[in-house]
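Peer 1: Got a structure for you, written out below as structure tokens; questions coming shortly.
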Amino acid sequence: MRLPKPSTTNMGFFFTSRFVLINIIVIFQCFSLLSFAQDFDFFYFVQSWPGSYCDTGRSCCYPKTGKPSGDFKIHGLWPNYNDGTYPSNCDSSNPFDRTQISDLVSSMEKNWPSLACPSSDNTKFWSHEWNKHGTCSESVLDQHSYFETTLNLKQQANILQALQTAGINPDGSYYSLDKIKSAIEEGIKLSPGISCNVDESGNSQLYEIYLCVDSSASNFIDCPIFPNSNCASSLEFPKF
């Protein structure tokens with residue numbers, strides 16, 4: 001008994017439908033990945049005190065350009081969600097490229113240095129910040145804009161000046177956590193999140209200051225949520 005030959009019309013419909021379905025799946029996956037990568041509620045803008053980074057058991061190494069100035073330094077600009085979670089490593093197809101920020105390098109060496117060992121030219125640090133955090137802001141900031149915007153934010157939020165105006169100086173003295181918060185609030189008109197680390201003797205040190213920026217990276221805002229504080233009620237502000 002002869003089997004009927006497959007209809008060319010049916011076969012054409014089958015392959016056409018399969019092709020359309022595959023394309024729909026691919027498009028949906030790409031859209032889902034893009035939506036995930038670009039969906040966030042606000043940025044944390046984080047500055048670190050270099051004296052506290054270095055005054056720990058791990059110590060530190062100055063970058064190849066030499067010892068940074070005694071001021072708060074940029075740690076990063078990090079997309080976040082209102083529930084405290086955050087996206088990361090959103091676009092592996094767009095890795096850090098130092099040539100894209102060549103005009104910013106001088107300012108970044110001053111304001112965004114790496115203190116990790118061994119001594120470096122900062123490229124590894126900046127690459128980490130872009131690849132982990134910056135790629136998740138691509139809906140509003142390309143690679144150059146990400147670093148330029150972060151540098152501009154630092155100029156608008158002078159943490160050290162606010163503290164020193166209130167008599168809080170990086171001289172190894174101890175200050176109350178409440179006084180430090182109040183000084184920053186008075187100086188830059190924003191309520192900060194504060195994180196601490198400990199020196200080799202176990203003393204709690206003022207380490208990082210968290211401020212919040214809207215999702216367009218245009219304006220400082222009141223933080224929807226702060227990271228959990230690990231600070232004692234009295235903090236050392238070490239020399240650098």
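Positions of Cβ are set from backbone N, Cα and C atoms, glycine also.
Here's the feature list from TrEMBL:
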TRANSMEM  12-37  transmembrane segment
ACT_SITE  H75  active site
ACT_SITE  E129  active site
ACT_SITE  H133  active site
Peer 1: What's the most sparsely packed of the active-site residues H75, H133, counting other C-beta atoms within 10 A?
Peer 2: H75
Peer 1: Let me know how many other Cβ atoms fall within 10 Å of the Cβ of E129 (active site).
Peer 2: 21
Peer 1: Rounded to the nearest angstrom, how far is the Cα of H75 (active site) from the Cα of H133 (active site)?
Peer 2: 11
